[in-house]
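**Student:** Dropping a structure here in C-alpha cells format, bear with me for questions.
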C-alpha cells in the first residue's frame, strides 16, 4: 500500500507542475492580448468560456476518455472566441454576466450558504471578489438536514441580484471598464482551469482504484480491514477541506436575466459505506490523493464520487451479510447486534489438528483464560455479584475464573484427533468485553491444552511434582477479541496457532502464567492448530436444574436415592418426547389376552437404501430398533411406537448387523456384526456413540444379554466359539470371562429362557447344545466358571442342516428351531419330540421367525416374500401375507409385547419396514358384510352347493413410505359398495366356469356316495361365525353360492400316467412310480405340476415324467409292460375313497392360492363324483382369474 500511495503522489506532483507551467505561459500571452485589446478598444467576450464551462458541467461523467476528448475542442474554441470576440456589441449582456458571475463564485466558495458572506457582498458592492476560501467552523462540518436545505434555498432566493443595484454598479464601473473586464476574464480562465484539474484528478483516482482492486481481491468480503494511520490522517484533513458531492453540485446556465436551477447545500461529511473492504481501502487512497494535491496547490472545491449506498441518519450501514455496523469515527467497528446487554460470552472449542505423537497424552482438554492485557490479570467482572464461571461463585470473587472442557479420551473414543465440539459459556456481559475505551479491559483469550496426571505419575516422577495442579501442559494459543485495527474477531471459525509452553520454571509474578508466556517468552511453534469460535450467546429464560451444574446459570439439584433407582428402572423417561407427555399408553391387547393376527397396514418406515436385516421391539413396547444398511454405513435406527416417529441413528458398525437385542430394562442395545465386533449402545437422549465394543477375530452372528444380569453378554462367532463378557457399565472396559469351544461349526443363534437358567446355542451342522447358565448376582465371574453343558440335541432330521434361529416358547418347555431346509420345528424339551411347519421357503438366507407373546401363533418369513402364520398347537397354517411389497427375502419378524402389532423387514434395495395392526372395527364391518351376502347369488344350471372362499381384506398398496394415521378413513357405505363390485366380478367368473362345466360333462355317481358326502358336509362346513371367533378377523370378498339341482356331472380333475420313477427331494414334492395315475390339480409352470395319487398324497412332480392316458395308450408295448396302468377295479377303488377332511395346499413357488371347503346337498351328492376333486378344480380356476391385491389368506 505505501508504494501505491507514493506513486500516486509523484504522478500528481508531475501533473501539477505541467499545469502550472502551462498556466504561466497562458498568463503571459494574456498580458500581451490585454495591451492589444486596450488599443483596439475590443473587449473579450466570456460567453464562449461560460458555455464551455456549462457544457463540461453537464457532460461530467466517470469516463475520463470523454473528458480527454472534449478538452482539446474546448481549448480551441476558447482561444478562437477570445481572439475574435467584440465587446462593443455585448456591453449590456457583459454587465449582467459580471454581476451573476460574482454571485456564482461567492456561492461556490461558500457552499453552506453563509449569510454573513451574502451580507458583505450586498454591503460592499464596489469591492473586488474575494478569491480565498473562508475558514470553516465545526458547524459547517455537520451533516446536512432537510431543514438546512430549505433555509439555504430560502436565503439564496432572497440574495439574487436586484436590477437597481446592478445599474448602480455598472455606472460606477464605467470609468475602469476595461480593467475590470480583463480581471473578470482572468477569473473565468481560473474557473475553467480548476475544472480541468478536477477531471485530471478524477482520472488519477480511477487508476488508483483499479490497482487497489487488483491487489485486494484475495481478501474475504466479510472481513473489514482498516488502516489506523490513514483513517486518522483522513479525519484531520477532512476537517480542513470540505468535500463536495458530484450529484449535489448545482448547475448554472446563463442566458439573459434568468438562472436555471437552484444551488443545493452539500454535506461536509463524506459518506462512509461498509459494502466491502475494497471500498474502504479505495476511499482512503482517494483521500490521500486529494491530500497530496492540496499540499501542492491551494485548497479548492473538489468533487468526489458519491457512494452507492446512502448514509443513514444514525451513521449505521448494513454490509453484505446483513450485519449492522457502527460507522462512527470515535468507536470501533463491529456488529451492532453484539451490543445487546442480553448477550454473554460464548467460546466454542471445535478441535485441533493432529497433536504431536506423545505416549504421555491420553485425554487432553482445553482451559480458557480471560485476561486483561493492561494488567496481566484475569478480567474484572462488570458486576461483582454476578456468577460468571460457576453457579456457586461468591461475591468476593470479582474476576472471571477460567473454565475447562471435558477431556477427550483417546482410548475410549478410538481416535488420536481430539474433537471436543463443546460450548463454553461465560456469564459475562459481552459488550463489556468488546469496548475499546481506555477504561474498559482489553481482553485476550488464552487457550491451554492440558492433560491431567495420574496419582502414580505424580508420586514416581519428581519433575511432575513441580507441575501446577497436577496437569501436563501440552500447548497454548491466544486470541485478542479486538484486534489492532479495531475489528472484533468474533462470529467466525478461527484457526489459532499453537505454541510450546516454556520449559524454564515460572518466576513468582502476580500475572497469569499464560500472559507471561505471551508477553515475555519466545514463541516456539507447536506443529498443530486449534479451531475456536467466539460469539455472543443469548441465555435461555429457563434452564432446568441438573445433578451437576454445567454452567453458571444452571442450578444443582439432587434427588433421593429411591427416585434415582426409579429413574434408572424406567427407560421411558430417557426418551425424547416422552418426558413432556407423561400419560401412560393404553395398549389394545389386555394382559393375559390371546394375540390376534394383524389385519390392517399401520405404516411403513424407512430402512435405508439397502433395507433392514433384523429388528426388535423394546420390552416396554415404546421403541422399535432396526438394523439397517445405507450407502454410508450400517446404522441402527430407532423409531417411537406407536407414532412411528424417527428418534435417532446409532452409527458405528462397518458391515452387516446380524443380530439385535435389548437388555431387560431397555437401557442398552446389543448388536453383532460381520465387521468382527459386538457393540453395546446406551439408550439415552442424544447419545449416538458406541458405549462398549467387544472385539472378535471374525464375524459375529449372534449376541444376547443374560436375562438376570445385564452385565453379562454372550456372543457366538464364526470361529465356533461362545464367549462370555462381563461389561462394567460404570467403567471403561469389557472383560472376557470365559470361552466355550464345544461346537464344531460356526454358531448362528443363541437364546435364553425367561429366568436365565438355561441357554441354547445352535450351529451350522444342526447341533443344539443346552447350557446350565445360573448366575449369582454378587459373584458373576465365579458363577460363569461353573456353567456346564446340560445336553446336546442331535436330531437326524436336521443333521448337517444349518440352524438359522432359535427361540424359547413363552411357556419355557418348548423350543422353536428354524432350519435352512424350509421347515420350522417346535420341539418339546422334555421328550425331544418336534412338530413340523412346512411352507416357508428357506434354503439360502439367514431368516428369523418369531412366536407371539402368548404362544398362539407362529410367524415366519420366506425367501419368496410371503409371511406364513401357523397355529403351534395344531400345526395348521392359518394365514399368510401373500402380496407384500417385498422383492427380497423377509429377514426378520417381530411381534409387539403389548399390542396386536407385527413388524416385517427385508434386506434389499429400498425395502421398507412394514407394520401391521389388528383393527376390531374393520373386522366387525366385514363380519356384517359376510352375513349379508351369505348365499344370495343363484347361478343357472348349478344347484345348492355352498362354496366359502375366505380371504382377508385387501391391504392397500404402499408405494411411498409415509406414516398412515391409525383412523378409519372409509365409511361403511363406501366399503359396502367396494365389496359389491368385488363380489360381482368374482361371481361372473364363477358363472362362466359353471356354464362350461354343465356344457361339457355328464356323469351319475352311485347312491352310496350320498351318505359319505353328507358326513363330509357336516365335518367340512365352517361357518363365518366360527372363522371370526377363531382368528379374530373377517374377510371381504366372501362368496356363498346356492346351486340348483341338475342332471349334469361336475368335471373331475384331469389324470396323467407316470412314465418314470421320481423320488421327492423336498417336503412339498410327490414321490411317484411308473404307471401311477396322478390327478393334476394345477400346472404351476411348464416344468412342475401339482397333483395327488390314489393314496391321498399331494405335492409337486416333474411334468416331463408323466403323459396323458390317451398318449399312454399310443405308446409302444414294451413301454406299457414296464409301466402298466392301474386296473379298473383299483381305479374305481381310488375314486370311491373318502376325501380327506382338510384340504391344504402349501405353495412355495412364488404364488399364493386359496382353499375353500365345499358342502353339498343330498340331491347333489348323487350327481357329483367327489368333493375333493370339485374343490380343487374350482379353486384352480378361481386363482387364475383373481384380481391383483395384497391379501392375508386364511387356510381352513
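Numbers run from 1 along the shown chain.
For all residues, glycine too, the Cβ spot is worked out from N, Cα and C.
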**Student:** Which residue, chosen from 1123, 1127, 1137, is annotated phosphoserine in Swiss-Prot?
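**Tutor:** The phosphoserine feature in Swiss-Prot corresponds to 1123.
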**Student:** Of the ranges 215-242, 439-466, which one does Swiss-Prot flag as region 'Disordered'?
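**Tutor:** It is 215-242 that Swiss-Prot annotates as region 'Disordered'.
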**Student:** Run through 971, 1002, 1157 and tell me the one Swiss-Prot describes as phosphoserine.
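**Tutor:** 1002, according to Swiss-Prot.
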**Student:** Where DSSP helix means H, G or I and strand means E or B, what are the helix, strand and coil counts for the repeat 'WD 5' (797-837)?
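**Tutor:** DSSP classes over the repeat 'WD 5' (797-837) add up to 0 helix, 23 strand, 18 coil.
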**Student:** What is the three-state DSSP composition of the repeat 'WD 3' (695-735), stated as helix, strand and coil residue counts?
**Tutor:** 0 helix, 21 strand, 20 coil
**Student:** For the repeat 'WD 4' (742-781), give the DSSP counts of helix residues, strand residues and coil residues.
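**Tutor:** Secondary-structure breakdown of the repeat 'WD 4' (742-781): 2 helix, 19 strand, 19 coil.
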